[in-house]
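Feature annotations, reproduced from Swiss-Prot:
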- 112-319: domain 'ATP-grasp' (DOMAIN)
- 139-196: ATP binding site (BINDING)
- Q277, E289: Mn(2+) 1 binding site (BINDING)
- Q277, E289: Mg(2+) 1 binding site (BINDING)
- E289, N291: Mg(2+) 2 binding site (BINDING)
- E289, N291: Mn(2+) 2 binding site (BINDING)
Amino acid sequence: MKMKILLIGGGGREHAIAEGIKKSKHNPILYALMAKKNPGIAALCEDFLLEKETEVEKVVEYAKARKIEMAFVGPEAPLAAGVADALWDAGIPVVGPKKACAIIEFDKAWARNFMKKYGIEGCPAYEVFTEEAPAHAFIEKLGDVAVKPSGLTGGKGVKVMGDQLPDIKAAREYTSELLEKGPVVIEERFIGEEFTLQAFVDGKNLAFFPAVQDHKRAYEGDIGPNTGGMGSYTDAGEILPFMVPEDIEKAKKIMQHTVTALREETGTGYQGILYGQFILTSRGPKVVEFNARFGDPEAMNVIPLIETDFVEIMSAVTKGTLGDLPVKFSRKATVCKYAVPAGYPDNPKKDSEVIVGDIGEASVYYASVYEKEGKIYTTTSRAVAVVGCAETIEAAEKVAQNALENIQGELFFRRDIGTASLIQKRIDHMKELRG
C-alpha cells in the first residue's frame, strides 16, 4: 500500500517539500491543504483542499476523510494554532512541532527567557518590555539595539540600529509603536554575517542541513526594506565561504542544547524542523532567533540536496529513530533567487501575469501566485523562486540567473545574490571582524 501524506501550506517552501515527498521511492500519494491554490503543489497532488491552514478542525477533518497516514506542516501559523497537536491526537504522526515547542518561534520573549534559563549559548543581553519608560531607558543604556515584536511577523518586524533605525530616537519611536500591539524584546545588536542552520529533529537526535545565507533586503547591494527573503545560497559542503568548521560545530551544539532543553521545559519532544538563525560575530555564532519550520527561501536550497529518501526521514522524525538513519546530502552548491512583483514589499503590483519560459537546468518553485484559466498571476508577495544547483556557487548562480531571464512579467529580482563580488564582500567583512 502506498502511504497517504498530507502537506499543510501553500508557499514556495511547501512546493519544495512536496517535490521532496514525491521523489520518494515509496511512491507516496500526496494531499495538500492550503489557503490559496499553489499551481506547483496542485500538480503534484492526488487531491487538495483550499482552506485556511490555521482552521485546526477543518485540517483534522480533511486528514481523516482522506485516511492520511502522516503529515508535514510547512508554515509557522498552523504550528502556533496547534495543528500538529490535533493531528497527533487524531492518531496521525506529524513532522512539525507541537504548540508547546513551536512557541520558540511565535513568542520571541519566551524564547529569550528560555535560552537564559537553560544557559543556551549565543543569547544577547536583552530585556522584555510592556511599558514605554523602562523600554526607552534600556535603549539609552545599551545604545546599539535590535527591536523585536514578541509575536509572529513573517520575518519583517525586527528593526536594527544602523540599518532600519538611524538613531536612538528612531529606536524609541519604533518601540512605542510596537508596544501598542504587545510586548517588545529589546536586545544588543550583534555585528557580523548571518547564516541559517536547519535540522530534522526527532525529539532527541538532529540531522543537520548545510548552512545557508539568506538576503532579506529588497534591493541589490543589501539596501532597501526588509522582505521575507529575496534569495539564498549554499556552498558545496556544509559551511559557507566566510565560515570555518568550528563556527558550524558551535552552532550545532547550540541547537542540540536547545532541543534537549525544550524537552526538559515542555515535557514534549520537538519533532519537526528546527531553524536556527545565527549571526557570526568576532566572538563566534550568536542566536538571532529560532524558527519551528524550514526557512523560505532556505528550504529550496537544501531539500534538493537530500540524497536519503525524504519519506523515510519523515517517518524517522515521527518515530524518534533519526539516530539510526544516516541523512546524506549531495556535495553541490545551490543559489535560490526570488522573482517578486514590481513595488514589493511596500507597494506590490498584484494580478499581473507571470510567464515561466525555458528555465534550463534550474528548478522552479511557485510561491504567492494564483492560477486563473490556465494562467498564473502575482499576489502581493514573492511570486516565483528559481534554484540553480552545480559544483560551485558561481556555476549555480548562472543557472539561476539564466532561468530568471526567461520569466516574464512585471517582476524584479536581485542579480547580485550568489555572485563572486557579493560573497567576497562577506569574506572580507568576517576577516575584518576576526582581526
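Glycine too: its Cβ is placed from the backbone N, Cα and C atoms.
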Looking only at Cβ atoms, how many others are within 10 Å of the one on D163 (ATP binding site)?
15
Of the binding-site residues Q277, E289, N291, the one whose Cα sits nearest to the Cα of I139 (ATP binding site) is E289
Expressed in Å to no decimal places, the gap between the Cα atoms of E187 (ATP binding site) and Q277 (Mn(2+) 1 binding site) is 15
Can you name the residues of this chain that are 6 or more positions from L179 (ATP binding site) yet have a C-beta less than 8 Å from its C-beta?
F129, T130, E131, E132, A135
Between F195 (ATP binding site) and N291 (Mg(2+) 2 binding site), how far is it from one CA atom to the other, in Å?
13
Within a 10 Å radius of its Cβ, which of these binding-site residues (Q277, N291) has the fewest neighbouring Cβ atoms?
Q277
Q277 (Mn(2+) 1 binding site): nearby binding-site residues from D163, A171, N291, Cα cut-off 10 Å
N291
Give me the non-local Cβ neighbours of A171 (ATP binding site): same chain, 6+ apart in sequence, Cβ-Cβ under 8 Å, ordered along the sequence.
I139, V145, V147, K159, M161, L165
Would you mind pulling the DSSP three-state label for I139 (ATP binding site)?
helix
Sequence-distant neighbours of E289 (Mn(2+) 1 binding site) in its chain (C-beta under 8 A, six or more apart)
E105, K108, A111, Q277
Spacing of the two Cα atoms, N291 (Mg(2+) 2 binding site) and D163 (ATP binding site), in whole angstrom, works out to 22
Using a 10 Å cut-off, grab the number of neighbouring Cβ atoms around the Cβ of I139 (ATP binding site), all chains included.
23
Which value does the mean pLDDT take for the domain 'ATP-grasp' (112-319) in this predicted structure?
96
What's the number of neighbouring CB atoms sitting within 10 A of the CB on E187 (ATP binding site)?
22
